[in-house]
Amino acid sequence: MTLLSESAGVLPAVARRWPTLLGLGFAAFNLLDVADGRRLGFVVFLAALIYLGTAVLDRPGAVWVLFVVSVVGWGVLERLGIDPWPGLVGAAICVVVLGLAGGLLRRPALTAAQVPAMLVFGGAALLALTLSPQAGGLLAAAALIGHAVQDVLVWRAKQVVARSMAEFCMVLDLALGVGLVVLSL
C-alpha cells in the first residue's frame, strides 16, 4: 500500500465524522476566551430549545435550520448589545405551550421527554446566571454533560433530531462541560 492509497481511505472516514469535528471546533471556539463559565449556559438552553422545536415540528431534518437561525440570532443580538435571554425564554415558553397543545406528551417517550428536558436544562442555564462564577460555571457544566447523555440516547434511538445533530451536540456538550469543570477548578 502506498501513502496515497492509505490517505484515500482516511479522508472518507474523516468526512463521515464531520459532526464530531464540527462539535470539537465549536467547543474549542467557545472555550478559548471563556472568563465566566455561566456564559456558556446559553449553549445548553439553545440545545434544549432546538431539540424541543424539532420535536414539535416532528421533522428531525429541520434541526439544522433551527440551529443556524438560533446561533445567528444569538450572535446578532449580542453584537447589537441586546440581551438575548428575554427573547430566548419567551421562545421557550411559546414552544413548550405549542408542544403541549399539539399533544407532544402523547408521542414516543424520547420525543415527549423534550418538554421536561427544556424545563430542566433551561432552568439550569438560567439558575447558573444567578450564581457565583464558579458555582454557575459548574452548574452550566453539569447541564451540558447531562444534555450530552440525552444526545447519546437520541443518537442511538435515531429519534427527535437528525443523527448528525445528535452527534455534533453530544461532542459539543461533553467537551464544553468537561472544559468548564477543568477551568472552574
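Just so it is clear, glycine is given a Cβ too, placed from its N, Cα and C backbone atoms.
Lifted from TrEMBL, the feature list:
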- 39-57: transmembrane segment (TRANSMEM)
- 64-82: transmembrane segment (TRANSMEM)
- 88-105: transmembrane segment (TRANSMEM)
- 117-145: transmembrane segment (TRANSMEM)
- 165-183: transmembrane segment (TRANSMEM)
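Contact between the transmembrane segment (88-105) and the transmembrane segment (165-183) does not hold: fewer than three of their C-beta pairs are under 8 Å, each pair 6 or more apart in sequence.
Among 64-82, 117-145, 165-183, 117-145 has the largest number of CB pairs under 8 A with the transmembrane segment (39-57).
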